[in-house]
């Protein structure tokens, strides 16, 4: 693509050609100054047959392509250039089928089978991935990862407790001999990067916020390179003392969800790591959607998550300053009062057309905006719009609304205002007014960055450093507050803190202290609860077992709170019978209850429960053997099971069952209510479905009203967590009363 420059008057011809394809004058002149780029771009323009001009978007694309090709052409730009070799090196025309990938993975697994079987789930998957990429460099990485994961599961089966244990530290080895040292250094693992050790290390210091890190391209003016002048930055640093200032800015229009937990970690975490401050700022610019209930609950949840705000503020605290700056924006010719209706604004934006009122006189807009403020214009009849760039490639530059009329009292500001600023107008200005050093938000706001900096530049205000991170999503649920609000208001769930929702209040009630699979979240919950939740026994669907060879008495048995607890530590055992004055720990009596699912009339080799003529071990107690089954009049319903126990414990059955006993003859065990929660939605990503409500799981909640529990649970308090042996992890719900405890299942085992 490299050609000869036209020389002489050719520079002027090239400049004219580049201007025709939409390059701004400065870029075109810089390009002409480089003969190689000029020759390449001229050749591309002729190949694309746009010598008479083209759309600016197409012209920018051609210019970008040339810039990219210059990096590649270093290896291929010679007289001996071979297009076939170049395309082969780039993978042009290569198609990798699913069979090709599976075959490559099979080969890698066969070659490394011994190591994989030995290391199991500690196998370095990244290394396996690298081997496959060497065989199939153009294979889809996502498909490669899926096939490797599937192959691992097929070879190794479910993860075991041993797989999840941290590897034991090896004993200190003898010093390496000099001749072997070089070999050891070659095989030593690479040290983690600074970013891996400290994810906050990527952020610049406040003193560095004079550098350009965002460029905004316009259709009718030079590029805006967003940065602070020395005077503005010095003024900012004088106020902050050079400290880091961040903000966590939720809208008080619903409960915080798990995505906000990540946002809190980023916002509060950076401030903590740098010894700075983090505001809790309520972005309360929409009075119709905001409630004091949400504000109070948000503050409570932030504290529950372990964060302490430097200061609690509201966007409404700055309504006067925001209004005055809007007036200044009009005076500078960067805003106008518009009378288009919402559907008209939408249509004009889609067609990239200017509003009929865009060029109205400044004095006229100032007068109308004052009328808006004093309630002289009806709601919906006027808005204040920013005069940005209706021809921009970024739709968030299409003259966004700055103010709208709403005759609605504000929960925090009262009835002083009848015009309210939009998020796009208020957010960046309040960041500046609060001297935020790092404005951190999720990636869906990345396209708003241009508008953010345009407005601060238009008003000559301090500009924070903006950085976006990936949004946290979880499978089989929705995270949009609008969708969550529908689920709550239409009573698909039992309020904002329903344990099936991914609100933080819901997760707390359930017992929990990028698209993320729900299983991944549950894995980490289990890891934590396995360390912190004491063991106990509850039978959800009880069936009566009468031990016929036992006297009508109660035995005292021990049961461990923790699996690996030492036998000589009295605190390691939970007392299942400590509500009685005697010193019994666990009652084992003539009548016990087991799960209905742990009994079958017909035995099989792969069944480890109780069956006629078969023995099982009652956990912490004795082996029992079923001797008789008492059936109802229909000859099918099981009324009770008769069994004999082995006091010598000589028999060693394979099956181990949990159970609850009568505390004394004829006294029913403690009754509790247990709620079992499953995924709220059937699909992994219901938010993408048009009929997302139709994807709700009808079996997401099961209530068991008459479960039996050990007596010591009677004293459990709201929020206490337990592992119900063989069933899962549970937490005491706020609906519990003195008459009856209610437990929510947090996660299965």
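Just so it is clear, glycine is given a Cβ too, placed from its N, Cα and C backbone atoms.
Per TrEMBL, the stretch carrying the note region 'Disordered' among 107-134, 135-162, 163-190 is 163-190. Assigned with DSSP, the residues of the domain 'Glutaminyl-tRNA synthetase class Ib non-specific RNA-binding' (13-66) fall into helix, strand and coil as follows: 40 helix, 0 strand, 14 coil. Over the domain 'Glutaminyl-tRNA synthetase class Ib non-specific RNA-binding' (144-217) the predicted model carries a mean pLDDT of 70.
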